[in-house]
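So that you can see what the record holds, here are the features copied from TrEMBL:
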- 113: active site (ACT_SITE)
- 112, 116, 122: Zn(2+) binding site (BINDING)
- 1-174: domain 'Peptidase M12B' (DOMAIN)
């Protein structure tokens, strides 16, 4: 996600700093998570507002990741991947997004929904940018030959938002909360390729193994 926001096409320097990570093994009091993305977003935005300043930590934006198959308009699974208030960044009750965990593609969902929170509208919807280009704010993320960029429209929306008084929460220096200790094990040592395949494609999936004849 951080690298997507550092892509040169965005036109400005966006530095993402994680100040807290909460693993919710059960729903805490005041938070209701369901397939209904709109209702879940409303609940999460209200709940996360109570965490601001707690234990000396303050976040500018909160991201909910869920394994549920969410839907924007009903409490049943559908093809919705995320939900966010437009131009909600820095607002106590609207600086928040809900994102469906689909595996590695989750990074693009978070970037897309955070883009909405920065005031970005889908490419091709009320602006001259073409949705077919497959940029990050296209209604359907596709990429351009494997390259994911921000459109000129997204760049303009962001610049416009950052020029407002509302965006002032983003200009302070992050508070140092200690040095993060990175895992010593390399990727793939804890969860092998077969395990990752099952997470991404289901319990029957496994790594494709081909014997090449030299």
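Even glycines carry a Cβ here, placed using N, Cα and C.
Nobody curates TrEMBL annotations by hand; they come from automatic prediction.
Owing to the predicted nature of the structure, the values given are computational and were not obtained by experimental measurement.
Within 8 Å of the centroid of the Cβ atoms of 112, 116, 122, where the record puts Zn(2+), the same chain has further Cβ atoms from 82, 84, 113, 115, 120, 121, 136, 137, 139.
Taking the C-alpha positions, the distance from residue 113 (active site) to residue 122 (Zn(2+) binding site) comes to 10 Å. Classification of residue 113 (active site) by DSSP places it within a helix. Comparing local CB density within 10 A for the binding-site residues 112, 122, the maximum falls on 112.
Of all Cβ atoms in the protein chains displayed, 23 besides its own lie within 10 Å of the Cβ of residue 113 (active site).
Secondary structure at residue 122 (Zn(2+) binding site), taken from DSSP and collapsed to helix, strand or coil, is coil. For residue 116 (Zn(2+) binding site), the number of other Cβ atoms no farther than 10 Å from its own Cβ, over all displayed protein chains, is 21.
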